[in-house]
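**Q** Pasting a structure here, questions to come.
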Amino acid sequence: MFHILSIVNIIWLLLALCFGAAFCLNKFSVKLPNRVEHVFQDFIRYGKTKENIKRASWQLVFDLSKRYFYHFYVVSVMWNGLLLLFSIRSVVMSEAFPDWIIDVLGSLTGRSRGAWNEIHLSTLLLQVLLWVHTLRRLLECLFVSVFSDGVINVVQYAFGLSYYIILGLTVLCTNDSLPQSESVSFFNQLTWYHVVGTLLFFWASFLQHQSLSLLAKMRTDSSGKVETLAHKMPCGGWFELVSCPHYLAELLIYAAMCVCCGCASLTWWMVVLYVLCNQALAAQLCHEYYRSKFKTYPHHRKAFIPFVL
C-alpha cells in the first residue's frame, strides 16, 4: 500500500488529474468568469492555439518564444545522459549510485538504499530509450521543425525544464517495482517484451519524425528554404486520420516503454496516464484551431486517436 502511495506515483497521478480536468473544463470554460477563463486558457494553450484568445496585457509579460522548446531537450540529454552513465557504471563496474541520487530516489519511493543495488535490464533499457528519444527531439527542434512566432508562458517553460529531470528520476524509481533477478545474469534477463517494446518504440518514433517533417515541409520549398511561417492545413501520412499524429506517437512511445518493463511498473503506468491526458488536451486544442481556421477541414478527422478521439 505504501508503495502505491509513494510520492513519485502521487506526483504523476496529480499531473494526470490536472490535465484530465483541464481537458474536461475546456469545453465549459465559457461559463467561467471572464478573468478566470482568460487565465485558464492562457495556461493550457501555447503556440498557434493562443492566437485567438483574449489575454490581458499583464499576461503578455510572461510570454516566451516557442522556439525555446529545444531547451527542454538540452536539459534532458544532459541530465538523463548523466543518470544513464551512473547506471552503466553500476552494471559494468558494480559501482554504487551517488548518495544524493539514492537519497532522492528513496524519498520518492519510500524504499531503502538496497532497492538500487541491482539495476534491472528493463530499467537500463528505459533509460537508453528515453535518452535516444530526447536526443532525436533535440535534433528535430534544431534542424527539422520550422517554428512560427508562437509563444509559451513562463510557467509552461519552467514545467518543461523540470519535466525531464523528474522523468529521468522516475525511470530509476521503476527499478524497485520490477522483479529482482540476482540469480540471473544481467543480459540473460532479456525477454520477449524487451524486443516488442523496443520495436514499438522505434516505429512510434518514426511516426513522430515523419509527422513533424510533414509539418515542416508545409513551410519550406523543395530546397528546404523557409517560405512562410503561416499555419496551413496539414495533410498526408497519419494526418489523414488525426489532426495531431505526433501527439499520438508521443503516447505510443511512452506505451512502448511500458511494454519494455513488462507492463509491471505501476509508476510507469502513472506516467503513461499523464501523457495520455496531456497530449489529449494539446491535440484537442489544435484540432479546434484547425477546424475553426479551415472551412474545408475533413469532418472525419479526429484530434488524437483514430476513429475515437
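The count begins at 1 with the first shown residue.
Including glycine, each Cβ sits where the backbone N, Cα and C put it.
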**Q** Where Swiss-Prot splits the chain into topological domains, do SER90 and LEU252 land on the same side of the membrane?
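**A** Each on a different face of the membrane, per the record.
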**Q** Can you say which of 4-24, 115-135, 151-171, 256-276 has the most Cβ pairs under 8 Å with the transmembrane segment (68-88)?
**A** 151-171
**Q** Helix, strand, coil: count each for the residues of the topological domain 'Cytoplasmic' (89-114), based on DSSP.
**A** 18 helix, 0 strand, 8 coil
**Q** Taking helix as H, G and I and strand as E and B in DSSP, count the residues of the topological domain 'Lumenal' (136-150) in helix, strand and coil.
**A** 8 helix, 0 strand, 7 coil
